[in-house]
Amino acid sequence: MKEFQERMKILLKDDYNLFVEALKKDDQKALYLNIRKDNGEHVLKSQYIQKHPYVPLGYYFDEKNYHPGRSPYYLAGLYYIQEPSAMLVATKMPIEKDDYVLDMCGAPGGKSCMVANKLGPQGLLIANDINLSRAKVLSENIERFGVDQAIVTSTDPQRFSSILPGFFDKIILDAPCSGEGMFRSKDLAEATWSLDKVHECAAIQKRLIDTAYKLLKPGGLLMYSTCTYSVEENEDNVRYAINQYDMELIPLVHEGGMSEGIDMPEAIRCYPHRYQGEGQFMALLQKHGHEENHKYKAIKPKISHDVQNVVARFYQDNLNVALPQSLYENNGHVYKILPQFPDLGKIQILRRGLYLGEVRKNYFIPSYSLALSLKKEDFQHYYDFSEDSMEIKQWIHGEALPARGGKGYGAILVDGYPLSFYKESNAIKNLFPKGLRR
Ligand SMILES: C[S@@+](CC[C@H](N)C(=O)[O-])C[C@H]1O[C@@H](n2cnc3c(N)ncnc32)[C@H](O)[C@@H]1O
C-alpha cells in the first residue's frame, strides 16, 4: 500500500493530508426513492435524513440512528440504498423515456434501478452482469423496484455484439476496477492493492469499451465510470476510447465538491475530502457516425391458451387491472413482455420483463414482483398494516395470520404499499418469498 499512498500524494498534492483524514471517518450512507411509489418521502424518518443536493429523489441518512434497510418499506421497494457518489453516475446520465439502455456491469443494481426510475413504458433496460450469483442479486433488486421494462441477463457483454450491434441509445459501463475509492484508513495498512491489479483492470476495461462502442447507436452515449483513482483506469481509458474510435467527450456539469478529471475538465472525480461520499470517476462519451442498417428480432409472445386462461381468470377474480397484452411462458412461469424486447438468442436470461407468477395445473400463484408492481387500488382485496405492527413483523417472518373472513388472493400492504400476496381460506396464508423472510 506504500506505493498506492505515494501515487495518491502525486495525484492530490497539497490535498493529500485532507484525503487521509477523510478516510478515518465513517462512510456516508444514502438512498434514493422509487419513482413508482407515491409519496415515498413520507415514510422516511425526517430527523435522520438530509436531501442529497444533486440527486433528485436522493437522501443521505444517519446510519447510526436509522436503518432503512431493515424496514418493511425496503422490502416493499420504496427505495434503493446506494453509496452517494455512486448515485451520481446514473443521475448524470441523460436518459430519455423511450431510450434503450444497457447496464453492462450492472450488479447489484444501484445504477440499473435509477435508470428504471427515468424510463417510460416504451423504454428498455437490459441489466447485465457476467457473474451469475451477482446477477441474481441484480435481478432481485429489479424485482423489488417493480420494474417492468427490464431484462436481466448474465453473460460476457461481448456476446451481445453479434445480436444487438448499434442497438442501444445509452450504455452505462460501470467497470470492474481496482476499487481504490472504497478504501478506508484501515485498508491503507493492508496489502490489498497492487500496480499489477491496476494494469489488469485497465486492460479489461479497454475490452469492455470496445464492446460498448459496437453496441451503441451512432449518436448514442456511453457513461464510463469506476470507483477508483488510478489515471490508468480512468482518463487513460477515456483517451483510448477517443483515439481508437469515433467518439467525443461530452462535458459533465460539476456541482459543489466535484473535481475535474486529471487534464480532463469534462470528466468528474469525487474524493472523500471534497465530496460527501466515496471515490468515483465518471466521463460521458458520444459515438459519432451514421445510422447503421441492422435488423433486430423482437421477442414474440409465447403462451398456451390454457395457461393464458388461468392467468386471465386470476386477474378477473382478484385484481382491478387488465391482463397484460403480451405474455411469455417458460415452464409454467409467466412474464409480461413488451414489444420493444429484443430476442436475445441463447444469452442467459434471469428475468424477461415483469415476472407475474407460476401456473401449476390449473391455478396461478402470483409473484412478489407482481404485487410490488401494483398499487393498493389495483387489488380487489387487501389488508393494510402499519410499519411497526405485529402483523407486519409476523408476515416478514413468514407466519400465517388468522383468517379475517375473506376468500382468495389479496395483498398485504404496509401503510398502503404492497408487500406481497396472500391467500385466504381458514387462515391468511403467507406468500412472502421464503428467501426474503427474516
Ligand atoms: C463496480 S461493480 C458494478 C456496480 C453496479 N453498476 C451498481 O451500481 O450496483 C462491477 C461489476 O462488474 C462485473 N464484471 C466484471 N467483469 C465483467 C465483464 N467482463 N463483463 C460484465 N460485467 C463484469 C462484476 O461482477 C461486478 O458486479
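Just so you know, glycine gets a Cβ as well, placed from its N, Cα and C.
Feature annotation from TrEMBL assigns active site, nucleophile to C227. What TrEMBL records for D129, D156, D174 is S-adenosyl-L-methionine binding site. For 1-288, the entry in TrEMBL reads domain 'SAM-dependent MTase RsmB/NOP-type'.
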_Chain-mates of D129, D156, D174 with C-beta within 8 Å of site centroid, S-adenosyl-L-methionine_ = D103, M104, C105, G106, A107, N128, I130, N131, P157, P176, L208
*Nonlocal residues around D156 (S-adenosyl-L-methionine binding site), in sequence order (Cβ under 8 Å, 6 or more apart)*: I130
*If you draw a 10 Å sphere around the Cβ of the residue listed as 'active site, nucleophile', how many other Cβ atoms fall inside it, taking every protein chain shown into account?*
26
*asked:* Taking only same-chain residues 6+ apart in sequence, whose CB is under 8 Å from that of D129 (S-adenosyl-L-methionine binding site), what do you get?
replied: C105, G106, A107, A135, L138, S154
*May I ask which residues of the same chain, at least 6 positions away in sequence, place their Cβ under 8 angstroms from the Cβ of D174 (S-adenosyl-L-methionine binding site)?*
V89, D103, M104, C105, G106, K111, M223, S225, T226
_Max CA-CA distance, Å, over listed S-adenosyl-L-methionine-binding residues D129, D156, D174_ = 14
*Average the per-residue pLDDT over the domain 'SAM-dependent MTase RsmB/NOP-type' (1-288) and send me the rounded value.*
96
*Per DSSP, three-state class assigned to D174 (S-adenosyl-L-methionine binding site)*: strand
